[in-house]
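K.L.:
Attaching a single structure in structure tokens format; questions to follow.
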Amino acid sequence: MEDVPLPVLFEQARKIHSTATESGADQELVRKGCEALKKCEDMVSKLGLFSANETKDDISTNNLKYLLVPFYFAELAEKIAQSDRILSLKASHAKLKEFISFCEAMELVPEEELETSIQGGSNSLVDRRAQKIARFKRQRAAELKLLEIKERKERRGRSSKAAALSTPVEAGEEDVLDDDVEEEREAWLTTISLAICKAFDLLEMLKKEEEILSAIKEKQSKDGDKEFSQDVLDDRTKRAEAWHRDAAVRSRYTKPAEPITCATFAQDVLEGRAKVSQAHDHKHQPMIFGPASLVGGSLTSERERMAAQVFQPSFRLPTMSIEEAGLKEMEMMNKWQERNAKMMEEANSSWYKDNSKQGPSEEDDEDDDAAQDKARAWDDWKDDNPRGAGNTKLTPCG
């Protein structure tokens, strides 16, 4: 790495960062990326590429990408596996703070994030949710913009290649180069904006994780030799599994049973002669009085049949329950409604309307012809005999 120039070293480190974040954290690869980024930081510091009194407009396009070195370093430092996880979190936290403060000096951090950082973060859940939504929208817009720049660059590259094959290079090449420079600057600024959004999210996550680990470490130090050993975790797992099993057993009894719609069966359940689970198999039978209720089986002889008729009620016993009678009546009502609907449909059909619009019958036609002949004869008579023609003696000049 000593003899490698800064652009080549940064490109190698960026490829390692992309591979480590996409395909998982290979520790050897992560350590190589951290070493390359550390060397990039030293070279940027020695070369003096950035100054505290500069803004983003003062930085050249070729040097904009080196602003991402602390961010890449922070993401890779967080993935380094150490015996003490807090050390990795603190190293990544420090690099993120360095990156955000430098971007703030370059006027690259959005105003909303600046206001939130100045106020020290909002404790309201609504404000934090709105802040996360706005940050996600900015991140999504930056990703779409990078994708658009990439597609535009590929299209221009294909068209330039086709034009180079068909015609020689002519005047106007300088404009194309200027467009490439502007596009590259826009792409790096968008990448930095995307990194800022990710940096704030990662900063919050690292802060929460560090608080949790610090609390656990403090609890371990207070308890002395007590540690969160594997036996404690196994005991917690067993208790959780037992709770879930008991909950699964309880869920069968918490499910509401189907309602009992038969009064006789309800009385049998209350008096212990039947069970609730037999509700679907229960058939209502009329009550039997007298000796027949004591036989407990089918009547086999005439004597038993006659004995069963003793002390029977003088009225006819019901053959169905109130619920069954209501179901029968409902079925009859449904059939009646279906029949009425069918009749209304036939009445509104084209067949019925066509029959109603048909002309009069043959008898009506004959009556109409006779009336028409009579009317014509009367008209002819009135034509031959005008009004007052037969009263010549009554006229003054008659």
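In case you wondered, yes, glycine gets a Cβ from its N, Cα and C as well.
All annotation found in TrEMBL is predicted automatically rather than curated by experts.
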K.L.:
Of the residue ranges 38-57, 118-137, 158-177, 318-337, which one carries the region 'Disordered' annotation in TrEMBL?
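P.N.:
Of the candidate stretches, TrEMBL labels 158-177 as region 'Disordered'.
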K.L.:
What is the three-state DSSP composition of the compositional bias 'Basic and acidic residues' (371-386), stated as helix, strand and coil residue counts?
P.N.:
14 helix, 0 strand, 2 coil
